[in-house]
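Chemist: I'd like to ask some things about the structure below.
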């Protein structure tokens, strides 16, 4: 309703003042405008006043123009209002739009309704269009920026107690050699492995350094040159080797006669010989206890060493090389103390009969015509994993090293560990029995202070004398991971050697990623088909799950290196079709990742441990105490532990950790703020103005519906009247 404030005080137009019939009428009209109640109670001629108001035009009247329906209401305060319900439908719509133009809080629209002429109105229409176009451009840019779903990474350094991670410890030798050979499949595999290694060694010996003179003619001149051929490995001629021997101590020479093809029955008939792979000669030989690991000043190209340097040797040529010397010190051979010693009875012949292996079984093992020792060992390790998968988990656990045989001493935060309670067994296909420290997810462990003394310190005994011939190194495999994660020692582990104290300094990082639509991370929990049941989701586990599903689908068997799905049997070690199918798809795994057939995202919440490594020789000669379960003299125990034991330290370098969290760079709040800012800048529109437009739309819709219903009622009445 439009109410003209100027009508509150009724002032007739001076030019029409004289047009009143008499002063009585004028006084009556003023009295009517002054006191409506008194006027109704008076004897004023109401019809005369109404006639005067409708007969004369006044400048202040809004209803002076002619209309089809003209009904003005007189209010108590003297105003005159139009009742829109008495207007026609089109006039009512027009009236509402006009009123909206006058009342809206938008800056440009009222100027259209109040424009005095068409030119003025056209200018404002042009300005409104320019502003509307500019606003649309800015609004599109704001929406596009929001749809990018950009994110920012916040890095915080928190000085708080960090939870101690889970530590998984494994022996680099998965199974005990003395136990595993009783298994027929393993015996066959080791037999084929030794024969293949022997052939590879023979071919390498033939390809060792040799010089030959060649003559060739260049421009008519005969030139003699020496050409040096180098084999695959540049190793010395002599190396220590275990052999069965017959020793005659009566002659006082302490030398023994080797029986290289026989397996010794014990330490009484075992000796160490200087073995030459080129000539297969083993000489000299002495009892095992007469050889001592030490350091030599010089070693030649054949690995023959001397404790004392020869006269005239320059200081720059002096080197402290690890070597093994017989008791008199007259004969020394270069030898890494932690390296395995060759067994001649295995090198020259097999202690078991492997004639039962068929040609198909040999082909299934995949050695083929391999001559590279490293590749042969890798293939042999894979074959052992396949063969062991045919056994039950309980059988595999019994064939690997027990908890107390591996873990001798342990302390955490400077206090002794409970080895039985603090370490949990986890069977791994590659490393056999592994033991997890801090496995209980309900117990919170943390370091009191930073440094090695307040972390995990553990002494481990690997028993190198019971290693498989496929175990290339002696030591421990260590993995640092979160309690909820599977350790994956074959992928994320670190190797620590025996005879050293290995220190692993840690720093923790916590990652918090945004899920969809800002990212594609996997939220808490594992996926439904995740093969590592009971563990949190990880990218490595996802890829292994995808690969296992692919192998089962295409080969009909599962890869024994990973957990199976749905009880599918693992691929058999001597099944040629299984092995060829598995090898084929293993080489295609890179293409699978590249073509996104295996789509594995990062977890939304992840704990990462970065590690720094250092080592020192252990135990020291001053450590003259009986270590672990050694009952010998202190010096002998030290030597034994140098070859068979390792000391590990895992600790926090500082009691703080980083928190990396992702957050939305441009959220809905910022988008609405920018949107409203541009809307106010270019159109002068606020949220309240938008509400005004919404109310106008509802009013127009309501009037349209009411008009439609009213028209239907009129038609029904007309039809009913026509029927009568």
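Keep in mind that glycine also has a Cβ here, set from the backbone N, Cα and C atoms.
Bear in mind that the values here come from a model prediction, so they are computed numbers and not experimental data.
Below are the features listed in Swiss-Prot for this protein:
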COMPBIAS  1-15  compositional bias 'Polar residues'
COMPBIAS  246-255  compositional bias 'Acidic residues'
COMPBIAS  256-265  compositional bias 'Basic and acidic residues'
REGION    1-22  region 'Disordered'
REGION    229-265  region 'Disordered'
TOPO_DOM  1-122  topological domain 'Cytoplasmic'
TOPO_DOM  144-684  topological domain 'Extracellular'
TOPO_DOM  706-724  topological domain 'Cytoplasmic'
TRANSMEM  123-143  transmembrane segment
TRANSMEM  685-705  transmembrane segment
Chemist: So how many of the residues in the compositional bias 'Basic and acidic residues' (256-265) end up helix, strand or coil by DSSP?
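Modeler: Secondary-structure breakdown of the compositional bias 'Basic and acidic residues' (256-265): 0 helix, 4 strand, 6 coil.
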Chemist: How many helix, strand and coil residues does the topological domain 'Cytoplasmic' (706-724) contain under DSSP?
Modeler: 18 helix, 0 strand, 1 coil
Chemist: For the topological domain 'Cytoplasmic' (706-724), give me same-chain residues lying six or more residues beyond its boundaries with a C-beta closer than 8 angstroms to one of its C-beta atoms, as numbers and ranges.
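Modeler: Answer is 89.
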Chemist: For the topological domain 'Cytoplasmic' (1-122), provide the mean pLDDT of the predicted model.
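Modeler: Its mean pLDDT is 58.
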